[in-house]
Amino acid sequence: MGKEKKTESYNNDSGSYNYRMFKFYNRKFKINEVTPTDDVRDAFCQFAVGGGGGGTDGDSSDGDGSTGVMGAEQLCSFLDDHGESTTVAEAQRLIDEVIRRRHHVTRFTRHGLDLDDFFNFLFYDDLNPPITPHVHQDMTAPLSHYFIYTGHNSYLTGNQLSSDCSEVPVIKALQRGVRVIELDLWPNSTGTDINVLHGRTLTTPVPLMKCLKSIRDYAFSSSPYPVIITLEDHLTPDLQAKVAEMATQIFGQMLYYPESDSLLEFPSPASLLHRIIISTKPPKEYLESRNPIVKQKDNNVSPSSEDETPRTEEIQTLESMLFDQDFESKSDSDQEDEEASEDQKPAYKRLITIHAGKPKGTVKEEMKVVVDKVRRLSLSEQELDRTCSSNSQDVVRFTQRNLLRIYPKGTRFNSSNYKPLIGWTHGAQMIAFNMQGYGKSLWLMHGMFRANGGCGYVKKPNFLMKKGFHDEVFDPRKKLPVKETLKVKVYMGDGWRMDFSHTHFDAYSPPDFYTKMFIVGVPADNAKKKTKIIEDNWYPIWDEEFSFPLTVPELALLRIEVREYDMSEKDDFGGQTCLPVAELRPGIRSVPLYDKKGEKMKSVRLLMRFIFE
């Protein structure tokens, strides 16, 4: 695919593109000059000196902004008017940066922004981003008060059945800001070491040592807040002890040790800066789970599974690999071996900060809040759906103190993902996603965790943590009054001409772009809108405004997608993004777009305005 040379200016000299029609005929399309919109021009005129609005010196000359200049004080006033508290020095830094990019000169030869400079400033997404780019939420509450960026089978490079296992996806996830890494631990072929792989499949293993070293090296490459390693271990006590030894040696001071076997309350992200914590089932619970027949007789319940295949199959495989080798009969010597292994378990058990489990009885029973300890419970997406339909209040109450992890259903062999909002709206902290399962659900995940500076922890709204006089809690299905209305104006887009060849979207003419917008949140807030199609233009100017009434804006996401209209085939993809509504910065903003994998596109941006009423 050919690339056009990128220019940093959005006010380019006019040119043209030639498209070959039939065999001998060339069709020429003029490239229109990109100019400031009326709203941009009005904003400049209002604040610039000599811009017609008076600026700070009362000059109100021609009113079109063409001769005005916006200095540091005027830019500071503009930013203050947009709800941003800034200093004159910071405003001057922004002016200097715009002038450097556009004119390659210093402020000693240019002292302020003209209209085109101001227009370009608004279109630079690093200088004028749509959401707050730094951590701004309280990070001192217990972990259960946060949505946490969570991966599922973090070591897989592709599908759930036959892809390679590798440390590379773990590294990529950490670099993106994921804070919960899942590793499935199995004995190697000789039973003397530990591999990471998706059991009972054709996935190729990767040594645990590689994964742990990668976590150590990249854990805090994008965020200083704690990394949680969830272990699904299928190991003998001897190998569990080896895991403890590996983790201790590799992580060193990074590894967090809980002060007691059971916590009354989880520690806070702020108290765990640059720490790695472990979450798994305690060894005793694991040993019991390896002989579910006995447990079933005792409890008259069937075990549940977090894995993608039935639990009975897992048990059969585990028994053939481990149980039959070491615990086939209960002779005296076997009992002695088990007692000897107790000497090794404490080292492994001591690592576990977040005790995990799966429902042994009904989910309703498992979700009863225990006063003297906190824990993590794992449910499949189907179990969550059923539980939220019948006992949604129990889910919200449980997640006020405990951690709830949701994982994909077993039929998602292609590593696709589910809709995350049902979990978030019920307070579930760990919505475990396949980070290689590209698509709209993963775009929502990316969007949620752009919040709070992209640190991987997003504070849950206060209403999810409160109880009423009669122990009632938030119900996402309850119809509530509109709290505020979000008005979104889509001015224009640019950057495709720089990132794509001129025939990428259409071999015979420039592209026909349109923008779709979706609100995804509680059921009452879900909505979608679409702009008109702008034909044959690399610089689409829509200049359309849409209103979204919101009952629970704190849990709403704004998903944006640009498509290129195709009369005969499926419309082409032109970029996407997803933004947390609660994080949107009011005013005119530059909104960068991302590709289907969630990677930021080099040049493609939209100019938009957000207003809350």
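Cβ coordinates are placed from backbone N, Cα and C, and glycine is handled just like the others.
Annotation comment: Swiss-Prot describes 137-281 as domain 'PI-PLC X-box', evidence class sequence analysis.
Per Swiss-Prot, the feature active site maps to H152 (among others). H152 (active site) falls within neither a helix nor a strand when secondary structure is assigned with DSSP, and so counts as coil.
Residues or ranges marked as active site by Swiss-Prot: H198 (among others).
Here Swiss-Prot flags 288-349 as region 'Disordered'.
Counting residue by residue with DSSP, the domain 'PI-PLC Y-box' (349-465) contains 45 helix, 23 strand, 49 coil. The domain 'PI-PLC Y-box' annotation in Swiss-Prot covers 349-465.
Looking only at the domain 'C2' (466-595), the predicted model's pLDDT averages out at 96. If you look up Swiss-Prot, you'll see 466-595 marked as domain 'C2', on the strength of sequence analysis.
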Most crowded position, judged by CB atoms within 10 A, among H152, H198 as active-site residues: H152
H198 (active site) to H152 (active site) - Cα separation in whole Å: 11
